[in-house]
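Feature annotations, reproduced from TrEMBL:
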| type | residues | note |
| --- | --- | --- |
| DOMAIN | 32-478 | domain 'Major facilitator superfamily (MFS) profile' |
| TRANSMEM | 20-42 | transmembrane segment |
| TRANSMEM | 117-138 | transmembrane segment |
| TRANSMEM | 144-164 | transmembrane segment |
| TRANSMEM | 202-226 | transmembrane segment |
| TRANSMEM | 238-258 | transmembrane segment |
| TRANSMEM | 324-346 | transmembrane segment |
| TRANSMEM | 358-380 | transmembrane segment |
| TRANSMEM | 386-408 | transmembrane segment |
| TRANSMEM | 420-438 | transmembrane segment |
| TRANSMEM | 450-473 | transmembrane segment |
Amino acid sequence: MNSFPYFLFICSSPNRMISILSHLSSFYSSYVLGVLTVGYVLGELGHYLIGVTSKQTAIDLDYGDKACQMNTTMFERTELPEQCSAVMNDTNCLALELNGTNYCEWNYNGLGIEYQILAGPTFILIFTIAGVFMGVAADKYNRVKMLTVCTVIFGIAIILQGSVKKYWQLVLLRMIMAAGESGCNPLATGIMSDIFPESKRALVMAIFNWGIYGGYGIAFPVGRYITKANFFNLGWRVTYLGTGVLAILMAILTGTTLREPERQAIAESNMHDKNGKKGNIWSVLRNPAMIMLMIAASIRHSGGMTFAYNADLYYNIYFPDVDLGWWLFCVTIGIGSVGVVVGGIVSDRIVAKMGVRSRAIVLALSQLVATLPAFGSVYFNPLWAMITLGLSYFFAEMWFGIVFAIVVEIVPLKVRSSTIGVFLFVMNNIGGNLPIFVDPVAKKIGYRGAIMIFYAGMYGISSILFLITCFMLEGKPKTEENTNKYDKDIEAHTRHIHGHDNSVFTGDEVPPYNNNLPVVLTNNHLQKVNGIDKAHIRESSRL
């Protein structure tokens, strides 16, 4: 019997495909992480493409600032009698020549307040507001279905961006794209937290959130070289069309092959504070440690967004004769990826010894070490700029996954996705909108100085804030005897926080290995065996 048609018959049914995948449980969790990460990469690619295609988009749609720019690769910058960027008007710009050849043009450079608004606020405004609602909905409804719909929405919006004729149309579609992408982080984080154990959590979160840097890094070669290739005579537009189509394909894969995981439940109906009131999201958000963590993350995010929105434009303006597209791609994807993984592994390894505080210590140290080479990446000439950028990226990119590992460990299950939505709202509104001040500051002190302040400077400030945060978090996990006095406090671990216990993610089902002794689950996630309380902590995945 030919088995190939039978295989096609099985794969043609989504339910049968899900059934097959469920039997491969040892690989399913990794598969889920892969699908979620690739989908996130495509969303972030659509997000950051504007930073690389901005000059071509501005010329096509007629927006932003105009400047004198080098328009030929025939000469090195050192050969030019006068640099194009030093000329402030079109007449003198067009008059510059070398050996009878005009080497400058007066045209849109992709910068200006219109660009900064397009790249930042128009996206962030919708992204953050929608993200809060997505987080709340994720705590109540099927996350896989919601994520599928969100991916379809941002995929279609990216495709349509490749067909716009006016600036306002691009603004509107970026807002729609932001609404769809806003669900990726809270929905995916909730799914992954129910699949992976604490011992892998920071690494898993780091890999997933690497999607931000993956999409950003891929944007450099895609935005530069595919635009230059001018496929089908579409120029920059084909980059958006291709990205959107791939996003739609990932949405189909998400909806047909992933299943909603069982939520890791605890006895939340008994979660009360010392006054007898139920713990809720507001009690979590009012906690000083959470407030400081949000502020620190917002400042760090501002530094990252500043570089993300301005890197390609910056290097094109200061080094127009040097093609750094592949360098930026390799540094971001290669070195940045290693930093993400190392940060997750280091954080996971030491959290059991020092508690959740250790994650904040890793954050503070990594951002401190990254600060000086970040300054170097916008101070030196191309070679050393790329070397110092790589060094900075290795340490700087440790932060995102670790931050969200802390968040999911210090909030209760029932408000986990809601808290992530609010956290992203605050972080993106502050961090995503601060780069808009790059333009007015650049007009006062120069573009390079503005990038130094809002990029490298923010790294240094965030390091100090993360260090302050670590003192607000609990250190090494306390013993059962020492933690009894906190039984009446909120069990969300936002007041006396330690990461190793992590009862938020402990299943409430009775394990099958208790030597046939009667087991009763009590408050505070203890098992009562023959009248003796024993801690119920499960570290491995349920799959």
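Glycine residues also receive a Cβ, built from the backbone N, Cα and C atoms like all the rest.
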Contact ranking winner - 117-138, 144-164, 202-226, 358-380, 386-408 against the transmembrane segment (238-258), Cβ under 8 Å: 144-164
Per Cβ pairs under 8 Å, the stretch of 386-408, 420-438, 450-473 packing most closely against the transmembrane segment (324-346): 386-408
Considering the transmembrane segment (450-473), which listed stretch of 117-138, 202-226, 386-408, 420-438 counts the most C-beta pairs under 8 Å: 420-438
Interface present between the transmembrane segment (420-438) and the transmembrane segment (117-138) (three or more C-beta pairs under 8 A): yes
